[in-house]
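K.L.:
Got a structure for you, written out below as structure tokens; questions coming shortly.
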Number of protein chains: 2
Amino acid sequence: MALVVQKYGGSSVADAEGIKRVAKRIAATRRAGNDVVVVVSAMGDTTDELLDLAQQVTPLPPQRELDILLTAGERISMSLLAMAINNLGVKAKSFTGQQAGVITDAVHGKARIVDVVPHRIRETVERGQVAIVAGFQGVTESTNDVTTLGRGGSDTTAVALAAGLDADVCEIYTDVDGVFTADPRIVPAARKISRITYEEMLELAASGAKVLALRSVEYGRRYGVPIHVRSSFSAKDGTFVSADAYGLVAAATLDPTDPEAPEELVMEAPIISGVAHDRSEAKITVVGVPDVPGTAARIFEVVAGSGANIDMIVQNVSVARTGLTDISFTLPEGDGTVAMTALTAIQSEIGFDSLQYDDQIGKLSLVGAGMKSHPGVSAKLFGALRDTGINIEMISTSEIRISVVTRADDLDDAVRAVHSAFDLDAADSEAVVYGGTGR
Amino acid sequence: MALVVQKYGGSSVADAEGIKRVAKRIAATRRAGNDVVVVVSAMGDTTDELLDLAQQVTPLPPQRELDILLTAGERISMSLLAMAINNLGVKAKSFTGQQAGVITDAVHGKARIVDVVPHRIRETVERGQVAIVAGFQGVTESTNDVTTLGRGGSDTTAVALAAGLDADVCEIYTDVDGVFTADPRIVPAARKISRITYEEMLELAASGAKVLALRSVEYGRRYGVPIHVRSSFSAKDGTFVSADAYGLVAAATLDPTDPEAPEELVMEAPIISGVAHDRSEAKITVVGVPDVPGTAARIFEVVAGSGANIDMIVQNVSVARTGLTDISFTLPEGDGTVAMTALTAIQSEIGFDSLQYDDQIGKLSLVGAGMKSHPGVSAKLFGALRDTGINIEMISTSEIRISVVTRADDLDDAVRAVHSAFDLDAADSEAVVYGGTGR
């Protein structure tokens with residue numbers, strides 16, 4: 001008998017039919033003898049509809065009030081889901097973030113969880129009942145005000161609750177079969193990844209793979225919560241995310257009757273986990289920057305001060321005869337305006353020539369813990385792109401990731417070429433039948 | 001500087017435009033120097049839409065979960081209203097029933113308020129901010145579970161908060177100008193009542209006048225909260241409800257610059273407040289009941305046990321030669337099925353002949369504290385109906401009310417005849433311009 005935390009996203013509970021389908025799955029998990037805690041998001045487009053209502057009332061809603069408004073969405077989905085489970089003869093109760101003991105800081109709109117004290121959830125499962133918890137929300141300890149956790153909040157609620165309850169596994173249900181070696185819409189031969197480490201999953205999530213929120217992976221790594229990303233439309237195993245993907249944790253959660261299991265367990269960890277891509281960034285180039293100490297520091301101080309998130313940075317070598325250099329960096333497209341505005345304001349102070357803004361870029365990231373000990377990975381990556389005739393504009397690396405920036409139009413070809421070069425293509429093209437987004 | 005509690009119903013905040021209009025009114029009240037606490041219902045049809053969703057999921061939703069679901073409605077309206085007020089430059093914060101300290105018993109779906117501890121509301125107004133409170137909801141003290149107060153819940157929240165805060169007045173905003181001497185849709189000459197006692201208002205509310213919920217009037221009477229029923233579309237005074245409608249309370253809240261004021265203040269209380277009507281009841285007649293002690297008690301024990309609410313009861317005199325009698329009673333139409341089922345089950349036990357069900361009845365009630373000391377009121381009432389050719393089927397009286405049951409088709413004529421007979425018709429027909437429902 002295991003304690004299982006399950007998280008269902010908004011698309012899984014978009015309407016009454018979806019809620020009833022999810023309720024059946026939860027009831028079956030409970031009837032199989034497990035203790036079950038469920039974290040649920042707002043139904044379908046509820047959050048967007050509430051945001052739209054707020055916009056009709058005021059262009060700048062106070063964040064505290066916006067949080068109260070948005071948390072109505074999970075209140076609706078969680079109570080409906082509890083009703084649907086009770087209707088199947090399994091006792092279930094729903095709890096707000098506050099009732100579930102999700103304590104956050106007071107940063108409305110993107111609060112961080114500071115503690116989880118799930119007394120009522122524990123009591124509920126000890127009575128043999130299913131506890132349904134509102135995702136995405138918490139409460140401040142000092143003022144008892146309602147907060148929301150921002151993007152990926154429900155994933156984070158689920159992993160944090162699993163940590164607080166010392167759950168055996170945190171299952172993240174989604175509309176695809178798990179984490180893939182690449183987006184199956186771009187690479188039809190992409191394979192589902194059976195097991196992956198937190199570190200690799202972090203790099204994939206940070207590089208554009210959208211199946212699991214970055215913050216929830218960070219939380220899972222910190223507290224050692226085994227995460228299982230799987231489809232709410234199928235009973236098949238998805239992707240297990242854990243500290244040692246090929247060691248004991250995976251073995252413990254692996255079904256020994258699975259014919260693929262023994263082979264995968266003895267298999268060495270592959271060098272590469274997958275190829276992620278990201279089309280949501282833009283590139284700013286500061287042209288003709290005087291090559292004197294401190295200017296780069298000043299530029300990034302100003303950009304950071306504008307609230308923009310900087311990703312990759314490249315500084316070209318100084319052109320000897322002029323004493324000038326160019327500095328390029330990438331950032332989320334949505335941050336482009338504030339960063340350009342902030343930089344324009346210091347043009348005369350820094351003395352650069354001009355600014356260039358380019359939102360027609362794509363980023364490809366190759367991720368794998370194995371590349372640490374395997375030389376030649378970057379050479380093979382660059383070679384694959386060269387053979388496909390794709391120009392590399394920027395490069396950035398970590399111990400288990402290599403990212404390159406290309407033209408946006410070249411990105412799909414680049415992903416396919418690299419996926420193939422590292423032998424990630426499935427023998428058969430099973431992945432296409434998933435039909436999922438892979439994001 | 002007064003402390004004013006204002007309550008706005010769902011039709012006043014049905015959409016973004018309504019919310020902005022109400023926000024303007026609240027901001028103006030605050031800018032006039034008052035401390036303002038606002039109680040708000042769910043937007044328009046939100047509650048019905050949520051109930052519909054629940055029905056799609058299960059035919060018998062658990063009441064605890066239904067309460068969580070329904071309270072999402074006020075969460076949405078209260079946060080949007082707080083945003084709209086902030087947008088006008090007046091600071092406002094919204095609070096759930098729990099945050100406002102509305103403590104109830106644990107009877108989900110129709111909880112009763114057991115205490116109001118509005119610390120946070122008091123703090124908020126002391127800081128000069130407007131406090132917006134979710135109507136219709138509270139929290140149990142022991143389990144911290146969310147409850148709803150049932151029909152008329154938001155009116156009750158407003159009056160209870162006004163009592164807990166020792167407010168100067170509780171303003172109930174509605175879509176008509178106040179309480180009328182009769183429904184203006186039936187009696188175009190109906191007049192707005194300026195002042196009325198709790199007792200008269202209770203009788204009117206219980207007799208079908210829907211402008212103010214019965215429970216809120218009971219609460220107001222118990223704690224002596226001055227209630228002002230008025231239109232959210234006009235700045236005119238509406239109807240003041242208080243312990244001594246023509247004494248000090250009314251004088252204190254009356255605007256001395258109002259040209260009508262002095263006259264009304266010296267005027268004696270009129271005999272009759274108004275004529276209420278109710279088309280929502282049905283009549284059950286138990287035919288041929290053996291006229292032996294205990295049978296009537298047994299019949300009403302069984303009907304009460306079925307959950308039906310009994311209103312008027314009439315037992316005809318026993319027909320001497322048979323030793324049989326007929327017992328008739330009225331009840332809400334919605335309770336008809338359970339009552340008829342319960343009675344059918346005891347037919348052989350009691351030995352009555354048959355049951356008759358009649359939903360084509362109407363009830364007219366004449367209400368006025370003055371009738372206590374004025375003989376001849378009932379004679380005048382019966383005379384007016386006789387002159388109009390209307391048959392009276394049942395009669396019931398209290399110290400300040402006479403109710404009669406007629407054919408449903410005769411009800412409008414009956415209301416007009418009685419309204420006119422008691423000189424309630426306005427000199428001019430100003431009331432028609434209100435165009436409201438008067439219910």
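Yeah, the Cβs are placed from backbone N, Cα and C, and that goes for glycine too.
Automatic, uncurated: that is what TrEMBL annotation is.
Dumping what TrEMBL says about this protein:
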BINDING   B:Lys7, B:Tyr8, B:Gly9, B:Gly10, B:Thr174, B:Asp175, B:Arg185, B:Lys210, B:Val211  ATP binding site
BINDING   B:Thr47, B:Glu74  substrate binding site
DOMAIN    B:284-360  domain 'ACT'
DOMAIN    B:366-439  domain 'ACT'
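Quick one: how deep are these features, and who are their neighbours?
P.N.:
Residues within less than 8 Å, Cβ to Cβ, of B:Lys7 (ATP binding site) and separated from it by at least 6 positions along the same chain comprise B:Val38, B:Val39, B:Val40, B:Ser41, B:Gly135, B:Ser154, B:Asp155, B:Thr157, B:Ala158, B:Cys170, B:Glu171, B:Ile172, B:Tyr173.
According to DSSP, B:Glu74 (substrate binding site) sits within a helical segment. Residues within less than 8 Å, Cβ to Cβ, of B:Glu74 (substrate binding site) and separated from it by at least 6 positions along the same chain comprise B:Val40, B:Ser41, B:Ala42, B:Thr96, B:Gly97, B:Ala134, B:Gly135, B:Phe136, B:Gln137, B:Ser154.
Across the residues of the domain 'ACT' (B:366-439), the predicted structure has a mean pLDDT of 80.
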K.L.:
Could you tell me the C-alpha distance between B:Thr47 (substrate binding site) and B:Gly9 (ATP binding site) in angstrom, no decimals?
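P.N.:
Between the Cα atoms of B:Thr47 (substrate binding site) and B:Gly9 (ATP binding site), the distance comes to 12 Å.
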K.L.:
Count the residues of the domain 'ACT' (B:284-360) that DSSP assigns to helix (H, G, I), to strand (E, B) and to coil, and report the three numbers in that order.
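P.N.:
Output for the domain 'ACT' (B:284-360) reads 28 helix, 25 strand, 24 coil.
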K.L.:
Whole number in angstrom, please: the longest C-alpha to C-alpha distance across B:Lys7, B:Tyr8, B:Gly9, B:Gly10, B:Thr174, B:Asp175, B:Arg185, B:Lys210, B:Val211 for ATP.
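P.N.:
For the residues that bind ATP, the greatest Cα distance is 25 Å.
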K.L.:
Given the binding-site residues B:Thr47, B:Thr174, which one is most crowded in terms of C-beta atoms within 10 angstroms?
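P.N.:
It comes out as B:Thr174.
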